[in-house]
Amino acid sequence: MLAITELQKIGIGVMGFGLFFLLFGMLLYFDSVLLAFGNILFLTGLALIIGFRRTAHFFFQRQKFRGSFFFLGGVTLVLCRWAIIGMLVESYGFVLLFRSFFPMALGFLLSAVNIPFLSAYFSSSPSMV
């Protein structure tokens, strides 16, 4: 089992606060200050969890350049107080960055059918096939 360092624990907390501020900023009609603070905390937490070098390597890979450009450009737009446009651009960049992760996440969610209380829910819903 992998040991979690103290820096990674702090990073998890910082990232959690970043997600909270992002959600709260969207709930308050795209408050640009909360969104900017959430973006800064989220990126700082990510860097603390996986390390600064791996974070830079993730964002600046050649095949992920377009996604990184849109994601970081959206963060910059939010920091310049263009909250709605910045969040749209940032969301598009997020999809481009993590599109290879989505099939794995979908597979995990579909394997939730084996969880007892969820299997009762999925078996009662009509099938798409």
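Any Cβ shown, glycine's included, is placed from N, Cα and C.
Noted in TrEMBL for the protein shown:
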TRANSMEM  12-30  transmembrane segment
TRANSMEM  36-56  transmembrane segment
TRANSMEM  68-89  transmembrane segment
TRANSMEM  101-122  transmembrane segment
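Tertiary neighbourhood of the transmembrane segment (12-30): same-chain residues 37-46, 48-49, 83-84, 87, selected by CB-CB distance under 8 Å and a gap of 6+ residues from either end. Remote same-chain partners of the transmembrane segment (36-56), defined as residues 6 or more beyond its termini with a Cβ less than 8 Å from a stretch Cβ, comprise 7-8, 10-25, 75, 78-79, 81, 90.
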